[in-house]
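K.L.:
Before I ask anything, let me first share the structure, which is written out below as structure tokens.
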Amino acid sequence: MYLLFLFLLFPTVFSLNQDGFILQQVKLSLDDPDSYLSSWNSNDASPCRWSGVSCAGDFSSVTSVDLSSANLAGPFPSVICRLSNLAHLSLYNNSINSTLPLNIAACKSLQTLDLSQNLLTGELPQTLADIPTLVHLDLTGNNFSGDIPASFGKFENLEVLSLVYNLLDGTIPPFLGNISTLKMLNLSYNPFSPSRIPPEFGNLTNLEVMWLTECHLVGQIPDSLGQLSKLVDLDLALNDLVGHIPPSLGGLTNVVQIELYNNSLTGEIPPELGNLKSLRLLDASMNQLTGKIPDELCRVPLESLNLYENNLEGELPASIALSPNLYEIRIFGNRLTGGLPKDLGLNSPLRWLDVSENEFSGDLPADLCAKGELEELLIIHNSFSGVIPESLADCRSLTRIRLAYNRFSGSVPTGFWGLPHVNLLELVNNSFSGEISKSIGGASNLSLLILSNNEFTGSLPEEIGSLDNLNQLSASGNKFSGSLPDSLMSLGELGTLDLHGNQFSGELTSGIKSWKKLNELNLADNEFTGKIPDEIGSLSVLNYLDLSGNMFSGKIPVSLQSLKLNQLNLSYNRLSGDLPPSLAKDMYKNSFIGNPGLCGDIKGLCGSENEAKKRGYVWLLRSIFVLAAMVLLAGVAWFYFKYRTFKKARAMERSKWTLMSFHKLGFSEHEILESLDEDNVIGAGASGKVYKVVLTNGETVAVKRLWTGSVKETGDCDPEKGYKPGVQDEAFEAEVETLGKIRHKNIVKLWCCCSTRDCKLLVYEYMPNGSLGDLLHSSKGGMLGWQTRFKIILDAAEGLSYLHHDSVPPIVHRDIKSNNILIDGDYGARVADFGVAKAVDLTGKAPKSMSVIAGSCGYIAPEYAYTLRVNEKSDIYSFGVVILEIVTRKRPVDPELGEKDLVKWVCSTLDQKGIEHVIDPKLDSCFKEEISKILNVGLLCTSPLPINRPSMRRVVKMLQEIGGGDEDSLHKIRDDKDGKLTPYYNEDTSDQGSIA
């Protein structure tokens, strides 16, 4: 009866053999939206011709099933283990979900199991070790968690074990050292609990590849690893390893690549590494290594040498120039001295050379580009001298040239100006002379031309106007002369034009209206004449304008009022007429000095119409005041003597304040100090208390009083404790000075800093709509439409992207949250408190909650719990939380979410209920598609693994494409399955290496 039932139920599959019947069950258990399994026809006699299926030679039984990248979804099809001769199974890059069942052990003949890049969760099944024939096990890129099962130490034939990119959080177990057959061990990018490298791994004498990247390893590298004589690739990067590099690693006679970067290794590089004749790639960057670079190491035929950001001394051994295939040297950020080997580049296809931030001297080697492959020449902050070798003028492969802060002199070779692939040419702070060659017109890819503080002469060539990609032209502090070429006005991509401190003359023409992307214009201290063109007001993104120290005449264009300028300086010209009304404010009093013909209601300028009348009454007023003074003199005398002591103390107190200003100020530190009243407090957080201060000139500023030891305890600033600047104060001032130089429309302007030893005040521009967090979670939050919220997200992203990628030096915010995103009167967003956490910590008096934790509850990236390190990826995670907060209008940590934080709640609710239950119900449903895309960006930013989070520059691009309707970028998924990364994996590392 049972057979009859099967016959009636599946009449068409009786033609199939048993293996075909099993595969039909597999097909039914999986979701196949792309119909990848359409060739699996139940009418066939055998499945051996089906896509992804291979059979033994007699076509009687299935031995291999490969369904890689088939877009299949569903739980693991356990029924497939009924294929008695199945030796190879690959479901790589699908959406296989749920847990991997214990009955996987039923696949008794399995030799290869590849389930990488899926959505599997839960613990690793201990029964995997019960498959006696298993040779290759790849579970990379899933969401497995918990410990590695103890049974894994009992594999009998396993050669490959890859568990990369999971969520395993136990310790790395010593019993893996029992798998004597193992050739490849890859555990990289898992949040393991801090643990040491088990010395037992030295027993894996057949091991060829050991990748333990970013596994939270601590302690020293065990000497036993030197026993792995067959090892080809060793990667221990991105951990917390300490101690010396063991000389025993000289026993790795077959090793080709060693990656030790980003640890805390100390001591000298062992000369025993010179025994590694097969070594081609060595990266021990970002450690604390000392001593010299061993000559023995440089005699090995290396291809890539990365030792940057250590404390190495001495010279770069000349023997490095003999390596026949050397293509990369990155040794910046050390204390290396002497000259570069004179034959460097002569014998090898050198492509990337970065020796910045050392103490090198002498001439540049003439043969750096002898093989015609040099792309990056980065040597900033050294003491190189002499001239640029003529040979480099023929190096057409160059893309980035940074020779700044050296002692070069002489003319720049003619061909050097016109190299066709160069996008960055930086010659700052040298003694170069001569003119810019007309050949610069051939530099069609040039984006950044930075020539400041040299001795260049002549005029800018007309050919410079053909550089359509030019974004920055900085040539201040030279001896350029003549008029600006007309062609310069056609540079539509120009964002910064800084020509101050030269001898330029002529007029500024109306052609400047083409500079639609210009953010900074500095033509100060030249000899320009004529009127300031009205068209300057059409430069909508201009926020820095300095035309001081010229001979401009005529009226100030009324159109200037339409600009949102952070910096304006028109002083010391020949301007006349009335100030435009919105500029006639005391805060601009220093912006117009030295213009005798200029009139306005600012002290120092010629008077207004009523001023003459006012003078007529001066004599009468003086008489009245003198009489009143005589009447009150007796009473005032008593008060004078009574408070004389108080006034002296007050004067002493004020004298101890140090003011560091970053803009033209219309107020003094005394006015700020007198307004620090508890009635003016508008907020308080982990880094300090914020006051709203209305100034006498009518302007409003926000004053943040940073928490320090005494302030936190007493609640008051006490400057009478004897202020003596020290290292911590200098570090604080240096940090704040960096913050004060920031100029961006989406970053809150820092007016100035007032400080004593025990009190630090930061004065910011005031944002009338308060913080995003307060606005979003107040009664007004539900009235924020989607377009306003999207604008806030994009504005904040652009501000944070500027800090990460365009600020010099780059700045990590450390505490991105909705309360640190402020909203202006037009509901534009501005990032605030950037770097404040670091600045407070530099005082050495941060409260415990501040010094221990960088960030705010609910916004902190998960890896911080076990690394206690903050980088740009931490900011990106926090920004992703802000996106989710804006979309859902729920706080990151809320009793409504139960034991979950916002990220986990969004993920689980999306899976269980759908997006309708995630989005704020106050939002218009017509924006659902766009909101969904933004939500995906937020989830991408909050990826548990930092490596999977996009850079902020990429986030901005995705947001812009969503706003423009382009969704292609949202579906691009990185498919790396090997887990192997270098320090240069990010898409936005144009300034990787040295950044100045």
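Glycine is treated like the rest: Cβ placed from N, Cα and C.
According to Swiss-Prot, the protein carries these features:
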REPEAT    84-107  repeat 'LRR 2'
CARBOHYD  Asn93  N-linked glycosylation site
CARBOHYD  Asn97  N-linked glycosylation site
CARBOHYD  Asn143  N-linked glycosylation site
CARBOHYD  Asn178  N-linked glycosylation site
CARBOHYD  Asn186  N-linked glycosylation site
CARBOHYD  Asn203  N-linked glycosylation site
REPEAT    229-252  repeat 'LRR 8'
REPEAT    253-276  repeat 'LRR 9'
CARBOHYD  Asn262  N-linked glycosylation site
REPEAT    278-299  repeat 'LRR 10'
REPEAT    325-347  repeat 'LRR 12'
REPEAT    396-419  repeat 'LRR 15'
REPEAT    421-443  repeat 'LRR 16'
CARBOHYD  Asn429  N-linked glycosylation site
REPEAT    444-467  repeat 'LRR 17'
CARBOHYD  Asn445  N-linked glycosylation site
REPEAT    493-515  repeat 'LRR 19'
REPEAT    516-539  repeat 'LRR 20'
REPEAT    541-562  repeat 'LRR 21'
REPEAT    563-586  repeat 'LRR 22'
CARBOHYD  Asn569  N-linked glycosylation site
TRANSMEM  619-639  transmembrane segment
TOPO_DOM  640-996  topological domain 'Cytoplasmic'
BINDING   Ile682, Gly683, Ala684, Gly685, Ala686, Ser687, Gly688, Lys689, Val690, Lys704  ATP binding site
MOD_RES   Tyr764  phosphotyrosine
MOD_RES   Tyr802  phosphotyrosine
ACT_SITE  Asp815  active site, proton acceptor
MOD_RES   Ser851  phosphoserine
MOD_RES   Tyr859  phosphotyrosine
MOD_RES   Tyr866  phosphotyrosine
COMPBIAS  968-980  compositional bias 'Basic and acidic residues'
K.L.:
About how far apart, in whole Å, are the alpha carbons (Cα) of Tyr764 (phosphotyrosine) and Gly688 (ATP binding site)?
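P.N.:
Tyr764 (phosphotyrosine) and Gly688 (ATP binding site) have their Cα atoms 13 Å apart.
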K.L.:
By CA distance, which of the recorded positions (Asn569, Tyr802, Asp815) lies nearest to Ala684 (ATP binding site)?
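P.N.:
So, spelling it out, the nearest of the recorded positions is Asp815.
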K.L.:
When a 10 Å sphere is centred on the Cβ of Asn143 (N-linked glycosylation site), how many other Cβ atoms does it contain?
P.N.:
15
K.L.:
Given the recorded positions Asn445, Asn569, Ile682, Gly688, Tyr859, which one's Cα is the least distant from that of Asn203 (N-linked glycosylation site)?
P.N.:
Tyr859
K.L.:
Whole-number Å only: compute the distance from the Cα of Val690 (ATP binding site) to the Cα of Asn97 (N-linked glycosylation site).
P.N.:
49
K.L.:
Same-chain Cβ contacts of the repeat 'LRR 8' (229-252) under 8 Å, 6 or more residues past its ends?
P.N.:
188, 194, 197, 205-223, 258-270, 272-276, 278, 283-284, 289, 867, 980
K.L.:
On the 0 to 100 pLDDT scale, where does the repeat 'LRR 21' (541-562) sit on average?
P.N.:
93
K.L.:
Just name the winner among Tyr802, Tyr859 (the modified residues) by count of other CB atoms within 10 A of its CB.
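P.N.:
Per the Cβ count, the most surrounded site is Tyr859.
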K.L.:
For Asn203 (N-linked glycosylation site), just give me the three-state DSSP call.
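P.N.:
DSSP call for Asn203 (N-linked glycosylation site): helix.
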K.L.:
With the cut-off set at 10 Å between Cβ atoms, which of these glycosylation sites ends up with the most neighbours? Options: Asn203, Asn262.
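P.N.:
Max Cβ neighbours within 10 Å, all protein chains included: Asn262.
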K.L.:
Can you give me the Cα-Cα distance between Tyr859 (phosphotyrosine) and Asp815 (active site, proton acceptor) in Å, rounded to a whole number?
P.N.:
8
K.L.:
Among Asn93, Asn178, Asn262, Asn445, Tyr802, these being the recorded positions, pick the one whose CA is nearest to that of Asp815 (active site, proton acceptor).
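P.N.:
Result: the closest of the recorded positions to Asp815 (active site, proton acceptor) is Tyr802.
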K.L.:
Could you check which of the glycosylation sites Asn143, Asn262, Asn429, Asn569 is the closest Cα neighbour of Ile682 (ATP binding site)?
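P.N.:
For Ile682 (ATP binding site), the closest Cα among Asn143, Asn262, Asn429, Asn569 is found at Asn569.
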K.L.:
For Asn93 (N-linked glycosylation site), list the number of other Cβ atoms lying within 10 Å of its Cβ atom.
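P.N.:
Taking all protein chains shown, Asn93 (N-linked glycosylation site) has 21 Cβ neighbours within 10 Å.
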K.L.:
Within 10 Å of the Cβ of Asn178 (N-linked glycosylation site), how many other Cβ atoms can be counted across all chains shown?
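P.N.:
Cβ-Cβ neighbours of Asn178 (N-linked glycosylation site) within 10 Å number 15.
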K.L.:
In whole Å, how far is Asn97 (N-linked glycosylation site) from Asn186 (N-linked glycosylation site) when you measure between their Cα atoms?
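P.N.:
Asn186 (N-linked glycosylation site) and Asn97 (N-linked glycosylation site) have their Cα atoms 22 Å apart.
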